[in-house]
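See below for the structure under consideration.
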Amino acid sequence: MSVCYRPPGNETLLSWKGSRATGTAFLLLAALLGLPGNGFVVWSLAGWRPTAGRPLAATLVLHLALADGAVLLLTPLFVAFLSQEAWPLGQVGCKAVYYVCALSMYASVLLTGLLSLQRCLAVTRPFLAPRLRSPALARRLLLGVWLAALVLAVPAAVYRHLWGGRVCQLCHPSPVHAAAHLSLETLTAFVLPFGTVLGCYGVTLARLRGARWGSGRQGTRVGRLVSAIVLAFGLLWAPYHAVNLLQAVAALAPPEGPLARLGGAGQAARAGTTALAFFSSSVNPVLYVFTAGDLLPRAGPRFLTRLFEGSGEARGGSRSREGTMELRTTPKLKVMGQGRGNGDPGGGDGGKTEKDSQEW
């Protein structure tokens with residue numbers, strides 16, 4: 001692509017020293033936290049083969065760690081780019097690296113949306129628990145996620161260009177192309193997935209708070225986890241997509257107007273906001289550690305598998321134990337399981353019933 005639309009001012013990704021410094025710091029911190037964190041998640045879940053089959057949630061978390069880890073492996077390239085103010089690879093490398101980044105971005109947000117939908121169904125439709133454990137369903141969902149990510153990431157490679165042999169950044173043939181590409185990326189990679197996450201967790205929290213144990217310790221723990229996931233997702237991706245929208249509006253504005261000049265500012269700020277989005281790939285393992293609570297000292301390195309074993313979805317045996325947490329959120333079943341030796345499917349231990357619910 002020989003001719004590129006450029007906003008007034010001719011700013012590039014490297015124009016602002018502050019954005020470069022912020023971006024470098026976020027990238028280094030993301031790699032420091034995210035590479036070992038996601039590696040640990042892959043190590044914990046990849047070889048875990050419970051008798052009843054790996055829970056769908058665990059499979060989604062595994063692929064989320066793979067997607068996040070893949071993009072974090074590219075951080076040395078971006079650190080070199082920002083610190084040396086020159087792209088270390090050529091034109092082909094420019095397109096290929098940003099394609100992998102976009103692929104990881106779409107896979108991560110789609111997997112996050114699926115994970116929130118799975119949790120919502122597990123709470124509101126517990127009778128679907130056997131189907132949610134189906135390996136065939138997991139394979140179909142994952143195939144759909146990765147195929148969709150492969151297709152949605154194509155524009156990131158098409159519109160990347162090496163400017164002056166030094167700067168790898170977006171290159172659109174016209175303002176209309178720029179506005180369409182940036183708006184579509186924000187719609188498919190933020191607005192729709194984030195809306196799904198918010199909707200699913202809103203329904204989940206409403207259902208859990210309606211349960212008798214929803215105001216206790218587990219209600220607080222689940223509420224904090226949900227809030228952390230949604231807050232991290234929104235805060236870390238919002239600046240990147242705000243720049244997208246700013247540049248999309250600026251591209252369609254009159255060339256001499258103030259909005260058009262804001263497009264150049266957005267271009268210069270993109271290095272920092274992109275690095276902040278990278279940081280989102282390192283947050284999930286940290287959230288898993290905080291979610292584990294007292295499982296961490298008791299289960300040690302295997303706390304993650306114990307966390308999913310306690311979710312009820314991983315349990316084998318009788319069908320009455322499928323979706324244990326979800327079924328026991330209803331007031332009626334909660335009363336039935338309060339006493340010892342009363343025929344409770346979990347073995348007649350009321351304390352164990354409460355403990356199982358709290359481990360979800």
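Placement of Cβ uses the backbone N, Cα and C atoms for every residue, glycine included.
Per Swiss-Prot, topological domain 'Extracellular' is recorded for 1-24 (among others), and the stated evidence type is sequence analysis.
Residues or ranges marked as N-linked glycosylation site by Swiss-Prot on the basis of sequence analysis: N10.
Taken from Swiss-Prot, the feature transmembrane segment applies to 25-45 (among others), supported by sequence analysis.
Taken from Swiss-Prot, the feature topological domain 'Cytoplasmic' covers 46-60 (among others), and the record attributes it to sequence analysis.
Sequence annotations record features per position, and here Swiss-Prot assigns transmembrane segment to 61-81 (among others).
Looking at the topological domain 'Extracellular' (82-96) alone, the prediction's average pLDDT is 89. Annotation comment: Swiss-Prot describes 82-96 (among others) as topological domain 'Extracellular', evidence class sequence analysis.
Here Swiss-Prot flags 97-117 (among others) as transmembrane segment, drawing on sequence analysis.
Broken down with DSSP, the topological domain 'Cytoplasmic' (118-140) shows 20 helix, 0 strand, 3 coil. Sequence annotations record features per position, and here Swiss-Prot assigns topological domain 'Cytoplasmic' to 118-140 (among others) based on sequence analysis.
Per Swiss-Prot, transmembrane segment is recorded for 141-161 (among others). Tertiary neighbourhood of the transmembrane segment (141-161): same-chain residues 1, 4, 56, 59-60, 63, 91, 94-96, 98-99, 101-107, 110-111, 114, 168-172, 177, 181, 184-185, 188-189, selected by CB-CB distance under 8 Å and a gap of 6+ residues from either end.
Sequence-distant contacts of the topological domain 'Extracellular' (162-185) (same chain, at least 6 residues past either end, Cβ-Cβ under 8 Å): 1, 3-5, 12-14, 81, 85-87, 89-91, 94, 97-98, 155-156, 241, 244-245, 247-249, 251-252, 267, 270. The topological domain 'Extracellular' feature in Swiss-Prot is assigned to 162-185 (among others); the stated evidence is sequence analysis.
The transmembrane segment annotation in Swiss-Prot covers 186-206 (among others) and rests on sequence analysis.
As annotated by Swiss-Prot, topological domain 'Cytoplasmic' applies to 207-224 (among others), with the evidence given as sequence analysis.
Sequence-distant contacts of the transmembrane segment (225-245) (same chain, six or more residues past either end, CB-CB distance under 8 Å): 109, 112, 116, 182-183, 185-186, 189-191, 194, 197-198, 201, 204-205, 266, 269-270, 272-274, 276-277, 279-280, 283, 287, 290-291. For 225-245 (among others), the entry in Swiss-Prot reads transmembrane segment, with the evidence type sequence analysis.
The topological domain 'Extracellular' annotation in Swiss-Prot covers 246-275 (among others).
What Swiss-Prot lists as transmembrane segment is 276-296 (among others), and the listing cites sequence analysis.
Annotated topological domain 'Cytoplasmic' per Swiss-Prot: 297-360 (among others), in sequence order.
Scored by C-beta pairs under 8 angstroms, the transmembrane segment (97-117) has its highest count with 61-81, from the stretches 25-45, 61-81, 186-206.
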